[in-house]
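Engineer: Dropping the structure in here first, questions after.
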Amino acid sequence: MGLQTTKWPGRGAFILKFWLIISLGLYLQVSKLLACPSVCRCDRNFVYCNERSLTSVPLGIPEGVTVLYLHNNQINNAGFPAELHNVQSVHTVYLYGNQLDEFPMNLPKNVRVLHLQENNIQTISRAALAQLLKLEELHLDDNSISTVGVEDGAFREAISLKLLFLSKNHLSSVPVGLPVDLQELRVDENRIAVISDMAFQNLTSLERLIVDGNLLTNKGIAEGTFSHLTKLKEFSIVRNSLSHPPPDLPGTHLIRLYLQDNQINHIPLTAFANLRKLERLDISNNQLRMLTQGVFDHLSNLKQLTARNNPWFCDCSIKWVTEWLKYIPSSLNVRGFMCQGPEQVRGMAVRELNMNLLSCPTTTPGLPVFTPAPSTVSPTTQSPTLSVPSPSRGSVPPAPTPSKLPTIPDWDGRERVTPPISERIQLSIHFVNDTSIQVSWLSLFTVMAYKLTWVKMGHSLVGGIVQERIVSGEKQHLSLVNLEPRSTYRICLVPLDAFNYRTVEDTICSEATTHASYLNNGSNTASSHEQTTSHSMGSPFLLAGLIGGAVIFVLVVLLSVFCWHMHKKGRYTSQKWKYNRGRRKDDYCEAGTKKDNSILEMTETSFQIVSLNNDQLLKGDFRLQPIYTPNGGINYTDCHIPNNMRYCNSSVPDLEHCHT
């Protein structure tokens, strides 16, 4: 029996060839993956070809790349090679900021996110979108897409599309034939004036719809347009021209509704009836003056309501809103209900309104009419048609009625109401007797506490010592006792912790003068006249005038005395002036070698006095003295120092002292 042998060298060669082929294939695949266009930069699965002034997509995009950056170039529609469509690994492409005027062809077939914003795209064809069966997110913001530029049913070709952004284009209506699986649609900042009832008919998966900044009116929205959006969670129709909220809003899942910046002037009672899951509602910047009672009753899940910048008119029609705001749960945040009218409640929060003071034509009586009164009360002649008994010292002041202020009498100033500042706080003063005043007030808004201050106005410009009392907000009157008879008091009421106002704005002050003491009622007319004169002299302004006049009078007297003194001194000085031309001692102290120019010589027996110009005279001490010379002549000299030499008519120097 023979032994079989195997030829191992032939079998080994086959195995070696097999491994060489596999290695070569792997090498080719790896080298293909590692390839990168020369004008781009590759980093793992990212290829960066952005901002390189490219006019076309570079060739040689390697397989395995997932994100392709081609934005901010100059790529046009002719710059997409056919081989780009076969790169299967790319799922995100950035092509914004280029020069495309049509939706591009030959994009990677498996792309899921495509950014084409900030181009000049005007048309969208069905063929271009039919190549992108896996496209889920499409950004076409800030282009030139019009309604006629979109081919019918073009977006329906992208069967996987879920997010479509068409903001800042030229659409005049919502494109018809959108993908049924679309979840978010943005068509804001367009020119949409019409939405047909077919626009959202099959969009049963749409959750977010933004149509802000268009030309929509209630007439341009077909009836039942939004009723098909059964899964809608957020709806924003801001900056349009609606006069009331769109009807038939889907309430099954709607959570956020934004209606601000429209022309809404009324809200029907059933506008929000089905929105039981609504959590956020914004009706700011509209023309709402009032709300129908019960319009928010069905919003049981509401968390935030914003109503800023509406011309809310706070009359009886808004009373239910005030009550509703006081009893809403703490989980609900309401902002913006501020009164814009009437004038006396402008700027006040609706929540803080005191409805007892608002005028209601049918149910609530109006406020009494107040006649302006002078700032201080002074006794006047009693009216013949009214008879009021004199108040006694021990009488008890009646409690004021909260909803009505006392009227102003026409008699001797026993009772008066100060016209309120902007009618937010109304202050009245009732004179009980000569040492007691009762102050009553009524506020249009809720106040935690009041500070009542009073000070006696005396001869001093700053008044007397200021006294004050803190009163709780529930109290509406206070009696001031132990006052001085026939004295003027300044009374101020300051609301504290007011919700809407600063203290300075709502402070109201008044002045009142207490009656004269009843013990002095029998005084004669002269004493009354003296008291009146004394009281008027104590006026701060009169006192200031007297002081100022006295100061001016003293200054005038001092100025007159000073002028008289200077005038007298000037006359006395002018009488002493004598002729002098400015002498120098050296002129005649050199043994007669130089003649003294300050000596007036008279050699004749007679002379005539001639007036000299006063401007040539200089101040100095002048004396005229007769000089007896040795030859019997008379001369004159002015001797200033004892040892001066004299100059005589005979031209002979004399060393003797000057003598008369």
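Please read every residue number as a count from 1 along the shown chain.
Cβ coordinates are placed from backbone N, Cα and C, and glycine is handled just like the others.
Per Swiss-Prot, the features are:
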- Cys36-Cys42: disulfide bond (DISULFID)
- Cys40-Cys49: disulfide bond (DISULFID)
- Cys314-Cys339: disulfide bond (DISULFID)
- Cys316-Cys360: disulfide bond (DISULFID)
- 419-517: domain 'Fibronectin type-III' (DOMAIN)
- Asn202: N-linked glycosylation site (CARBOHYD)
- 371-413: region 'Disordered' (REGION)
- 62-87: repeat 'LRR 1' (REPEAT)
- 88-108: repeat 'LRR 2' (REPEAT)
- 109-131: repeat 'LRR 3' (REPEAT)
- 132-157: repeat 'LRR 4' (REPEAT)
- 159-181: repeat 'LRR 5' (REPEAT)
- 183-202: repeat 'LRR 6' (REPEAT)
- 203-228: repeat 'LRR 7' (REPEAT)
- 229-251: repeat 'LRR 8' (REPEAT)
- 252-274: repeat 'LRR 9' (REPEAT)
- 275-298: repeat 'LRR 10' (REPEAT)
- 1-35: signal peptide (SIGNAL)
- 562-660: topological domain 'Cytoplasmic' (TOPO_DOM)
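How buried are these features, and what lies next to them?
Structural biologist: For the recorded site, Cys36 (disulfide bond), the DSSP three-state label reads coil. Taking the Cβ of Cys36 (disulfide bond) as centre and 10 Å as the limit, one finds 18 other Cβ atoms among all the protein chains shown.
There are 21 other Cβ atoms within 10 Å of the Cβ belonging to Cys40 (disulfide bond).
In the three-state DSSP scheme, Cys339 (disulfide bond) is classed as strand. The number of other CB atoms found within 10 A of the CB of Cys339 (disulfide bond), across every protein chain shown, is 23.
DSSP assigns Cys316 (disulfide bond) to a helix.
In the three-state DSSP classification, Asn202 (N-linked glycosylation site) falls within coil.
Using a Cβ-Cβ cut-off under 8 Å and counting only residues 6 or more beyond its ends in the same chain, the repeat 'LRR 1' (62-87) has close neighbours at 32-36, 42, 45-56, 93-102, 104-109, 115, 131.
Long-range contacts of the repeat 'LRR 2' (88-108) within the same chain, counting only residues at least 6 positions beyond its ends with a Cβ under 8 Å from a Cβ of the stretch, are 45, 50, 61, 63-77, 80-82, 114-125, 127-129, 131-132, 134, 139.
Per-residue pLDDT, averaged over the repeat 'LRR 3' (109-131), rounds to 94.
Packing against the repeat 'LRR 5' (159-181) from elsewhere in the chain are residues 112, 117, 133-147, 150, 152-153, 187-196, 198-200, 202-205, 210-211: each is 6 or more residues past its ends and has a CB under 8 Å from a CB in it.
Here the repeat 'LRR 6' (183-202) has Cβ contacts under 8 Å with residues 141, 162-176, 208-217, 220-226, 228-229, 236 of the same chain, all six or more residues outside its ends.
Taking Cβ pairs closer than 8 Å, the repeat 'LRR 7' (203-228) reaches residues 167, 174, 178, 180-197, 234-244, 246-250, 253, 258 in its own chain, all 6 or more past its ends.
A Cβ distance under 8 Å defines the sequence-distant neighbours of the repeat 'LRR 8' (229-251), meaning residues of its chain 6+ beyond its ends; these are 188, 200, 203-218, 221, 223, 257-268, 271-278.
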Engineer: Please work out the helix, strand and coil residue numbers for the repeat 'LRR 10' (275-298) from the DSSP assignment.
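Structural biologist: Once the DSSP states are binned, the repeat 'LRR 10' (275-298) shows 0 helix, 3 strand, 21 coil.
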Engineer: What whole-number Å value do you get for the CA-CA distance of Cys339 (disulfide bond) and Cys42 (disulfide bond)?
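Structural biologist: Given the Cα positions, Cys339 (disulfide bond) is 62 Å from Cys42 (disulfide bond).
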Engineer: Within the same chain, where does the repeat 'LRR 9' (252-274) have neighbours whose Cβ lies under 8 angstroms from its own Cβ atoms, ignoring anything closer than 6 residues to its ends? I mean 6 or more beyond.
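Structural biologist: 207, 212, 230-245, 280-292, 294-296, 298-299, 306.
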Engineer: State the residues, same chain only, that lie 6 or more residues beyond the ends of the repeat 'LRR 10' (275-298) and have a CB under 8 A from a CB inside it; answer 'none' if no residue qualifies.
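Structural biologist: Distant contacts of the repeat 'LRR 10' (275-298): 249, 251-269, 304-313, 317-318, 320-321, 324, 336.
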Engineer: Which of the three DSSP-derived classes (helix, strand, coil) applies to Cys42 (disulfide bond)?
Structural biologist: strand
Engineer: When the Cα of Cys40 (disulfide bond) is compared with the Cα of each of the recorded positions Asn202, Cys314, Cys316, which one is closest?
Structural biologist: Asn202
Engineer: Using all protein chains in view, find how many other C-beta atoms are within 10 Å of the C-beta of Cys314 (disulfide bond).
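Structural biologist: Cβ-Cβ neighbours of Cys314 (disulfide bond) within 10 Å number 27.
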Engineer: Could you state the CA-to-CA distance between Cys36 (disulfide bond) and Cys314 (disulfide bond) to the nearest Å?
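Structural biologist: Cys36 (disulfide bond) to Cys314 (disulfide bond), Cα-Cα distance: 71 Å.
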Engineer: Pop the Cα-Cα gap between Cys42 (disulfide bond) and Cys316 (disulfide bond) into the table, whole Å please.
Structural biologist: 71
